[in-house]
Amino acid sequence: MEVKTSLLDNMIGVGDMVLLEPLSEETFIGNLRKRFEHNEIYVSSILYFYSPSKFRSYLNFCTGLFALSFVFHSYALADEAYRSLRDQDKDQCILITGESGAGKTEASKLVMSYVAAVCGKGQEVNKVKEQLLQSNPVLEAFGNAKTVRNDNSSRFGKYMDIEFDFKGDPLGGVISNYLLEKSRVVKQPRGERNFHIFYQLLSGASEDTLKKLKLDRDFSKYNYLSLDSATVNGLDDAANFRTVRNAMQIVGFMEDELQSVMELVAAVLKLGNIEFKPESRVNGFDESRVKDKNDLKEMCELLGIEQSVLERAFSYRTVEAKMEKVSTTLNVAQAYYARDALAKNLYSRMFSWLVTRINESIKVCFSKVMGVLDIYGFEIFEDNSFEQFIINYCNEKLQQIFIELTLREEQEEYVREGIEWTNIEYFNNAIICDLIENNQNGILAMLDEECLRPGTVTDETFLDKLNTICAEHQHFESRLSKNSKFLTDHSLPHSCFRIQHYAGKVLYRVEGFVDKNNDLLYRDLSQAMYKANHSLMKLLFPEGNPAKVNLKRPPTAGFQFKASVGTLMKNLQTKNPNYIRCIKPNDKKASQVFTDSLVCHQVRYLGLMENVRVRRAGYAFRQAYEPCLERYKMLCKQTWPHWKGPAREGVEVLLKGLEVPEEEFAYGRSKIFIRNPRTLFFLEEKRRQCLEDLATLIQKIYRGWKCRTHFLLLKKSQVVVSAWYRRYAQKYKKIKSSSIVVQSFIRGWKVRMQKYFLGLKNTMPSMSPIDKTWPARPYLFLDGTHQELRRIFHLWRCKKYRSQFTEEKKAIYEEKLEASKIFKDKKALYPSSVGQPFKGDYLEINKNPKYQKLNSVMDEKVLLADVVNKINRANGKGAPRIFLLTKKKFVLADQKTGQVKASVPLPDLNSVSVSTQSDGFFGTPSAAKGDFLLSSDRLIEIITKLHRTGAASAERETIGVDISDEFLVQFKQDKVCVKFIQAGPKNGNSVACKRKNNRLLEVSVPSP
């Protein structure tokens, strides 16, 4: 099966620098530029480009693939290291180097995220992975800062050992930090910031937290914070502060530990605001005093220190020698030095404690380890000092171990494959490492000697010693040395010395070497810090314990760093190395910009040319027999298309058939070794030509197959079409005659429908809703349509009729409709009332002066005013009464005097009783006043208005209307039955009411 992906497929430039031919600095830079312009930011197995706007993640795609099988190199290298660790029990280390802003931190994050993604799952495993990943934001906040080259520059070196169990799942880790740039705490170059945590705390902490820490959000109030770069585009300090707090909690920090750390950060800010003023003493010595004691007081409150103790430590220095103590005053310059030294030590020791605390949470002891080293690259600035000197010393040691481990790996592979090993010539930088670290006459040893010797010690005396001892060393240059060839070298100032490193010459300014190496903190300040009540002070300043006074000078910074580097080198030598060299394409933090001079500078000081020369010495390319045969088997007839023997024999037949000279390759036990890259490119060119020929052959066969298939398909389709045509041709005449019949029916139907609608238009009935006429149906099949059109027309006609009504007319018709619901087919009097409009106020009570008194009594609008007869129970005769109806009551008043005789609230009116005859009698039961038996010619209107108005007033659905020829009327204490009968012709046409006895009134109603 053909290998699907390979470094050589679709290669832009040369993917592996080991195969670059010819190898020179010019071709090296040109190959990098060509690949960079095509967004191929990864090159071979030792370096990659970092472009801030083009850093993309392909984690899901890369999982499980091996190095050099695809472009994204960081995941591939991490995958190879992880699988070697898991499957072969080989401890691994990944060394990431490069200058500031080249992407070292991002590369280390990618390595850790890849390992976290591919290892096992489970609650405990996920917790460990999360702790390992979340340690990064914590260390970045306290150890990273914005520089002119990088907005998130690591200002310390970090080495992390990730520990795994036998299944390959992470169990924990150990972090080591190297050389925190603590001078940044007190002073930052122009255009740079202090460490991120200061700005994050002031921007992201709550008002309550800042109040407890005695801080203000204004950056300008703190001397240790530079203001020209306080805010950085793309950095959200407030959000990052919340991220850091969350990460610290995930790693395992307790809430009180978080508070303690923030108190120390606040104390450093307060410490920078302490200023001093000179004060002369009687004895002539100058001493210093604190100007404004407010910041000193707040700092002491944060750390739990007595203010007087710390104030004295800033003004006096105690020197102990054997049994003697000498106390001297500090002038203003010395006080500022002591303040800055305390700030630097407080912050750097807090950072070391953070690393130790993280290790306590994630550290375990297990055999399988993968180390990730993210450390400073080689530094060559315009002004190089002590920091650059020890950083470059570290890089010299890393270059030395790279050469040693690479050669050892090459030699082991040659022995494993049975290939004869030949010595490789290369530049061994051990002589430069010896110049720096030799215990007798190395530069670090002489610097320590100068720092420890009595007498006047300055940077100039240190340089004089170097000029004396190192003058003859071939990699040391100084204007004042005994070597006369540098006396006239004006590029070499008098106060400087130059070392020829493996990456090039670096000029170091000797100023500050002695002070920075001493890194001296006065014992008075250490003891003052130890007395603090703060929970971390005794851990950070153990030398301040009065019970354990050590008169020895503490180890110098150079000595400590040399010991740390030695431990690191021993650790790396026990592991299988993997390398990532980061190159920054430009200084503008921009994409698609390639600066040749900057890249060339980095290629030199990273020693990449030297690394490639070592890698390609001997045999430049090697590959297992199986993939080699799969890739090139089409170049030989004997191996194409399938080789049925062992893969090695197939490769031998292949190379013999291609007539490759025998000195150009060698056969190992499992791999084929190719000496010269030209041989590999020869094979690739032959393969490309062969693939083109194969592609042409495949195209030819495919086109022939496609044409034949198309022809056969057309032939088959023609047969099918013919058969169907003959089948349907026989039925064509029948179909045609049927269609003619259908067409005739359709045309007839259209004519009849047109005639029907035109006839209907001309014979439409009137617009009166009571007009029942409708034209006759002309055709039987239109019966349903005809009836539906009649219904629709009637509805439309009614709607048009209703639209002509006014609001008053609508109200009258609503009352008429209500009367119809109550009396239709129930009361004989109803039909005669249909044609009579309901007027309501028949007496015109508002206009008639006769009823002015009665009108003044009514406090509501009168809905109905009419004269009714009140029936007397004694004789059945009627007395005229004025009947008034309002919304809340009805009133009976005397017709002559207008005096109110009775007023009945409508809620008290339960029901109204009437007969089925054509009389005008009605009874009104009332619980309060007794019942009334009344008579009126406008009975239908009165009952209807009572029914509508009473229902609204009583807030109930309706007032009952009892229609019966017999009903009871309550007259005071007696109940009387009112009975309606039809009178004979001799009684005339009038209604008569007679009393039959005490319990019966009989009403005679004439026949209709």
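The backbone N, Cα and C atoms fix where each Cβ goes, glycine too.
All protein chains shown were included, and the count of other CB atoms within 10 Å of the CB of Ala102 (ATP binding site) stands at 25. The ATP binding site annotation in TrEMBL covers Gly98, Glu99, Ser100, Gly101, Ala102, Gly103, Lys104, Thr105.
The annotation domain 'Myosin motor' is assigned in TrEMBL to 12-688.
Look at TrEMBL and you will find 827-1007 tagged as domain 'TH1'.
DSSP places the residues of the region 'Actin-binding' (565-587) in helix, strand and coil in these numbers: 9 helix, 8 strand, 6 coil. The region 'Actin-binding' annotation in TrEMBL covers 565-587.
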Integer average pLDDT (0 to 100) for the domain 'Myosin motor' (12-688): 81
Which of Ser100, Thr105 has the fewest nearby Cβ atoms, counting only those within 10 Å, among these binding-site residues? Ser100
Lowest local Cβ density among Gly98, Gly101, Gly103, which the record lists as binding-site residues, within 10 Å: Gly101
Cβ neighbours within the same chain of Glu99 (ATP binding site) - under 8 Å, at least six residues apart: Arg149, Gly377, Phe378, Glu379, Cys582, Lys584, Gln602, Tyr605
Within 10 Å of the Cβ of Lys104 (ATP binding site), how many other Cβ atoms are there? 27
